[in-house]
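Shown next, in structure tokens, is the structure this report addresses.
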2 protein chains.
Amino acid sequence: MSRTLPSDLQATLDPSRKSWIDSANDPHGDFPIQNLPFGVFSDARDAATRVGVAIGDFVVDLSALAGAGLLTLPAGAPADLFAQPALNGFIALGRAAWRSVRVQLSALLARDTATLRDDAALRERALVALKDATLHLPVEIPGYTDFYSSKEHATNVGSMFRDPKNALLPNWSEMPIGYNGRASSVVVSGTPVRRPNGQLKLPDHERPVFGACRKLDIELETGFVIGRGNALGEPVACAHAEDHIFGMVLLNDWSARDIQQWEYVPLGPFNAKTFATSISPWIVTLDALEPFRVAQPAQEPQPLAYLRHDGDHAFDIALEVRLRAEGANEATTIARTNFRHMYWTMAQQLAHHTVSGCNTRVGDLMGSGTISGPTEDSFGSLLELTWNGKKPLELNGGGARSFIEDGDELTLAGWCQGDGYRVGFGTCVGKILPAAK
Amino acid sequence: MSRTLPSDLQATLDPSRKSWIDSANDPHGDFPIQNLPFGVFSDARDAATRVGVAIGDFVVDLSALAGAGLLTLPAGAPADLFAQPALNGFIALGRAAWRSVRVQLSALLARDTATLRDDAALRERALVALKDATLHLPVEIPGYTDFYSSKEHATNVGSMFRDPKNALLPNWSEMPIGYNGRASSVVVSGTPVRRPNGQLKLPDHERPVFGACRKLDIELETGFVIGRGNALGEPVACAHAEDHIFGMVLLNDWSARDIQQWEYVPLGPFNAKTFATSISPWIVTLDALEPFRVAQPAQEPQPLAYLRHDGDHAFDIALEVRLRAEGANEATTIARTNFRHMYWTMAQQLAHHTVSGCNTRVGDLMGSGTISGPTEDSFGSLLELTWNGKKPLELNGGGARSFIEDGDELTLAGWCQGDGYRVGFGTCVGKILPAAK
């Protein structure tokens, strides 16, 4: 860890910390006591959606803990803060409240704390097995923006569709290029995704035809969730931008490459991406990611002043993409990469987004852009992995893929590897349904 | 009128209909009894934002009328439906409710109806002078999409920035090109607009510089507001698309041309447009626009099947842009055009937007794209009016403009000209503040 953290936060991150929930101490589990990601869930016992935190194989029901008087909240916080269908109300309380709740939970769940551990009746109410929980979209998303911040991805795409010798456009190295996405169609992991119909321009046709996308693809991304907005006309300075971030999720920016290719000039991708964007259900807080903070890649040329920050602003997050064909016994891991490769940091993305005066709001989602690494097996899209279909991928158990086929289930996974534990994101899963007739 | 309308609606549109509110009978006023546009307002007497309808020089307070039992609402409608800071709750009740409320208001405000006319106490509560009302953003906007549907505008821009011989890109004639805008920065008319800062690529510099936009522009547009959403995966058919539209507003898509020029390839405009989008405060219902329905321009080539509709789907809406320099006594009308020139209809825009399966929600705002007519004085942006600054516009009272200067006040106005009355949109006004230091 490269910087001094407050001692209460530091204690929650101690690698040796254990929980009285045994499954939280599994060194390969995503949700140890060091993580404590926030989400929204319901279950068969109680259909009301409410706020929970994942630990081991369980969800801790924060509305139950608060109801039992075990969570101290800021004065004025509404009594039903955690009995909500989205985290926005909690997030709006601000960073001190997020940290305080996380610190209190870490204490309650620590091996030697008897309060909840030894209260069987409360435990019964407050702990729900993850396998019995239905996970919902964790936040109401007022705005969704997607960036394009992997140099390797931008170079690959530029090489394929423009000019391999000048693959990176001149503006790319000067700013985190981004565009407005469609917030309405952001769905939680597990939601099936229907293959879109649209206009396809086939090489042997003078006019486009209407039909089902033939080049359906994933984009392996992370997303960050705005925890503190900014007013119209008041940009967020790069040095303070991380103070505005609540946490991170995995994000699959489903993309119809053929629709995109025909529609995207001059105003950018639209129908190629508006049909669905999947995110993982657990928001991993920036606090939980602190031990995995690393230096971002060197930036050359040096960015303009409004995009400069001191210190380390990348995070060491291992990422994988898995594809399982309909009926297949096993999935094939088709890509392995790491978030630390990203050229532009989240702080730079947010500073750029707001430098015009644009306002952001609590719950806004900002996608990283496709995360591609330097090697051919580390690319974050099938477009790159198969080089636009020219080099199909072999699947375990037979078969091959240029692009996604109906019935394929795509899974993104991500985790930070600690010493004897991992801080994981869980998975972001989507299965493809055939296009509407 | 080219089609048969229900008789209750027909009666509200009768050109000879008059109101007991004298100012509503002014043949040059925007808000006769035939219009009855919906908005949200507050006033010095009551700071609570509530739903109102404009008539003549007044706002009718619908929460007061409903409180007095003068409006019949569908069973189950919440009692505080009109005591809301946005129209979304009312709009969500559906088309039958919008029409019913409009029909009831038309009857209450008709010259010969004594109920409100002769009830001084209720009139005092329910009528607020427009000049004393503060008008707010009429809807909470979950998503904002902007189209690019004027052939003249697309041709002008393509001529300037690409190739005059092939000004229209091949995809333009096949689909209503659109992109996702930024909903957070949509502001109501009258909100000052701060000139954005951003990256500018000057011709004599190798790298971009950071600074205030030097080519600040308007885009004269209309917008439509979604009145009925569609579920993810369930496209809206073109033939039924108008059933999903609540009404229309004027929209100014403020644009920083220099920021746009440098950032927009390959993902489209971003910071060049996210700093502010202004809309007029009154939503004119599609019902009120029925008498002004006209044929859209002929479309060649014939659109693909999913973009076809029978009948007339354009509207005859006269539009003007006025510029008043700081301290000037009078404004200069710098453009006059008409919405009927638009190549793609609102119905086609919505059908295209959702054909991928993309969902829309009540309150979503859809911009038409810059509305340019066929003549040089009918272009909807300074970019076109001054041909990228090469032909500055002369202002009344002296001075000239290539692009917008600090202190300039820009006003969009729009109305449908009836026989002895007009159904107007009011104005959409924004004054430019200097860039932040």
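Each residue's number is its place along the chain shown, starting with 1.
Note that Cβ sites are derived from N, Cα and C of the backbone, with glycine treated the same way.
Sequence annotations record features per position, and here TrEMBL assigns domain 'Fumarylacetoacetase N-terminal' to A:34-138. DSSP assignment over the domain 'Fumarylacetoacetase N-terminal' (A:34-138) gives 40 helix, 24 strand, 41 coil.
Feature annotation from TrEMBL assigns domain 'Fumarylacetoacetase-like C-terminal' to A:144-414.
Residue environment of A:D146 (Ca(2+) binding site) contains 28 other Cβ atoms, counted within 10 Å of its Cβ in all protein chains. If you look up TrEMBL, you'll see A:D146, A:E219, A:E221 marked as Ca(2+) binding site.
If you draw a 10 Å sphere around the CB of A:Y148 (substrate binding site), it holds 22 other CB atoms from the protein chains shown. Taken from TrEMBL, the feature substrate binding site covers A:Y148, A:R162, A:Q260, A:Y264, A:T370.
Just so you know, the Cβ of A:H153 (active site, proton acceptor) picks up 28 other Cβ atoms within 10 Å once every protein chain is counted. Marked as active site, proton acceptor by TrEMBL: A:H153.
Here TrEMBL flags A:D253, A:K273, A:T277 as Mg(2+) binding site. A:T277 (Mg(2+) binding site) carries a strand DSSP state (E or B).
Candidate recorded positions A:Y148, A:H153, A:D253, A:Y264, A:T277 yield A:Y148, A:Y264 as lying near chain B, with Cβ-Cβ distance under 8 angstroms. For A:H153 (active site, proton acceptor), the nearest neighbour among the binding-site residues A:R162, A:D253, A:Q260, A:T277, A:T370, judged by Cα separation, is A:T370.
A:R162 (substrate binding site) sits 20 Å from A:E219 (Ca(2+) binding site), taking the C-alpha atoms as the reference points. Candidates A:E219, A:E221, A:D253, A:K273 (binding-site residues) were compared with A:Q260 (substrate binding site); those inside 10 Å Cα-Cα are A:K273.
Listed in sequence order, the residues A:D146, A:G181, A:R182, A:E219, A:L251, A:N252, A:W254, A:S255, A:T274, A:A276, A:G367 complete the 8 Å Cβ shell around the Mg(2+) site centroid, once A:D253, A:K273, A:T277 themselves are left out.
The Ca(2+) site is defined by A:D146, A:E219, A:E221, and by the 8 Å test on Cβ atoms against their centroid, the other residues of the chain that qualify are A:F147, A:L220, A:G223, A:L251, A:N252, A:D253, A:T277, A:G367, A:S368, A:G369, A:T370. Cα proximity to A:D253 (Mg(2+) binding site) (within 10 Å) is found for the following binding-site residues from A:D146, A:Y264, A:T370: A:D146, A:T370. In this entry, substrate is bound by A:Y148, A:R162, A:Q260, A:Y264, A:T370, whose most widely separated C-alpha atoms sit 18 angstrom apart.
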